[in-house]
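Structure below; questions to follow.
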Amino acid sequence: MPKVAFSLSQAQLFDIFKQFDLPLPALAEQANFPLNLGDLVNDTRKVKAGDVFCAVIGHQQNGNDFISQAVSLECGLIIAECSLASQHGEIVYLSTKNSGKKIAQVYFYQLNEQLFSFAKAYYQNPQNSMTMIGITGTNGKTSTSQIISKLLASCQQRTAVIGTNGAGQIESLLTVENTTPAATQLHQLMAEFSADHCKNVAMEISSHALEQRRVVADLLDIAVFTNLTRDHLDYHQTMANYANAKYKIFSHDTKQIAIINGDDEQGKQWLAHWPNKQTIIVYGKSVTVTQFSAYAQASEIKTNVSGVQFILNTHLGQQEIDSALMGDFNIENLLAAIAVLISKNISLNDIALAVKALTPIVGRMETFKANNKATTIVDYAHTPDALVSALHACRHHCKGELWVVFGCGGDRDKGKRPLMALAAENGADHLVFTTDNPRTEKAEDIVADMLVGCLLPAKVTILLDREAAIKATLAKAKPDDMVLLAGKGHEDYIIVANEKINYNERELVKAIYDGYQQQSNTAGAIL
């Protein structure tokens, strides 16, 4: 999708400033104040001439430290967060070194807290023309958001996604720095989606984004909760804090539909005290979800080499579902997505046809095969629960022995490392410990933390070079075996120290299997 140039008039800007109690007659009188302004930006690396730079006091950096850089780039205006309420609305003028042009700097009290609302107004409320769908949860956000996008597209509803794999149309995603972008970039994207005639946006919403108010519940027409398991405790400290952050996705009013996993323990706790005024659709595999007035439940589940099949039971009736997606846990992702389509009044028959046409999500239980070689699965699983689910799914589809190759991220929650190892030991026949974004930690230290969780450490092979570990494992595995490569999924890098090194696990496996195929063809020609 080509980027749509954005322009805001001086009059529109002043109308917005009035909403935030910013009296600005002095700006209007300034001779060289821009008649039109560009994008709203809070990262000087993205500032263009004429843009508005928001200098927020963030969790890690203070945007005020970068104002001089924004001035040198000849931004059109600076909105700077101030520490005193009495400074709100004050104006100072800064001059560029080259042209001597004056650039206004407006002080804004608590800008970081107000940035979402300000960005929404600045981009003229682009979400109003689209259905905004937010997905939060420890696992399943990416798969669920992309399944939603694909299903809606099959039903002739143009849908954009925002998340871990990027932003835009599913077939041409552009990279974004965070799972949930900053409020300025988020609204810029939504303005582009609206101009591109999208009817829906399916976006992953991280707990960090909810806690930092990069997204607020009022934005969302539909809010989806997938599950809550251990992750990000390096940031949230406790599971209670983590759950509270996730809970902020819900508005608890009639304007939003909530879709909740009724099989998840945290979901059950919330449902027990749910406010009556918010509409909910509960999904899951257990029959207990059918007690709710609106639900999507799977029964008679079958898994095989071609995917999964089940009966969809809903408050609207039943429907047979057949999907090529692998894994029992993908049924939960499908149910969440199906609930979204039900909330949009799409018929069960049309939903079934759309599910039938679904293709696998990049880096999510993605399958690679070669003649007379083990099947390889590339998956993003990087939490204990996700690894358990991925291994469980592989076991259902595996005729021989199950191998798993994985590591744990450096500078992240160390407590989950032994839990990941134990999950692997319980779920696989062969374990290979390797690296996965060690960052500033030593790979040996990370593996040592993992080994603490193993009851049978002799079952573990340690190969710290990830590429070498994968090549060695694929060489050993037999044709009926299955090899799960967990942790990298769609990512095309490994982070060592503070550097991103090019590494694409999917391309690596393709190259290895292509090499096997060429060897096989050569041998056949000789015979």
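A Cβ is built for glycine as well, from the same backbone N, Cα and C atoms used for every other residue.
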In TrEMBL, one of 60-63, 156-159, 436-439 is tagged motif 'Meso-diaminopimelate recognition motif'. Which stretch would that be?
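Going through 60-63, 156-159, 436-439 one by one, TrEMBL flags 436-439 as motif 'Meso-diaminopimelate recognition motif'.
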For the motif 'Meso-diaminopimelate recognition motif' (436-439), what are the same-chain contacts with Cβ under 8 Å, counting residues 6+ beyond its ends?
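382, 406-412, 446, 466, 487-488, 494-498.
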Name, in the order they occur in the sequence, the residues of the same chain whose CB lies under 8 A from the CB of Asp436 (meso-2,6-diaminopimelate binding site) and which sit 6 or more residues away.
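Non-local contacts for Asp436 (meso-2,6-diaminopimelate binding site): His382, Phe406, Gly407, Cys408, Gly409, Arg466, Gly487, Lys488, Ile494.
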Widest Cα span across the meso-2,6-diaminopimelate binders Arg412, Asp436, Asn437, Pro438, Arg439, Gly487, Glu491, in Å?
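Pairwise Cα check on Arg412, Asp436, Asn437, Pro438, Arg439, Gly487, Glu491 gives a maximum of 17 Å.
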Per DSSP, how many helix, strand and coil residues does the domain 'Mur ligase C-terminal' (363-489) have?
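The domain 'Mur ligase C-terminal' (363-489) comes out at 49 helix, 26 strand, 52 coil.
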Could you check what DSSP calls Lys141 (ATP binding site) once collapsed to helix, strand or coil?
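Helix, per DSSP.
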Out of Thr138, Gly140, Lys141, point to the one nearest Pro438 (meso-2,6-diaminopimelate binding site) in space (Cα versus Cα); all of them are binding-site residues in the record.
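Closest candidate to Pro438 (meso-2,6-diaminopimelate binding site), judged by Cα separation, is Thr138.
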Please identify, among the binding-site residues Gly137, Asn139, Lys141, Arg412, Asn437, the one with the smallest Cα-Cα distance to Lys246 (N6-carboxylysine).
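Nearest by Cα distance to Lys246 (N6-carboxylysine): Gly137.
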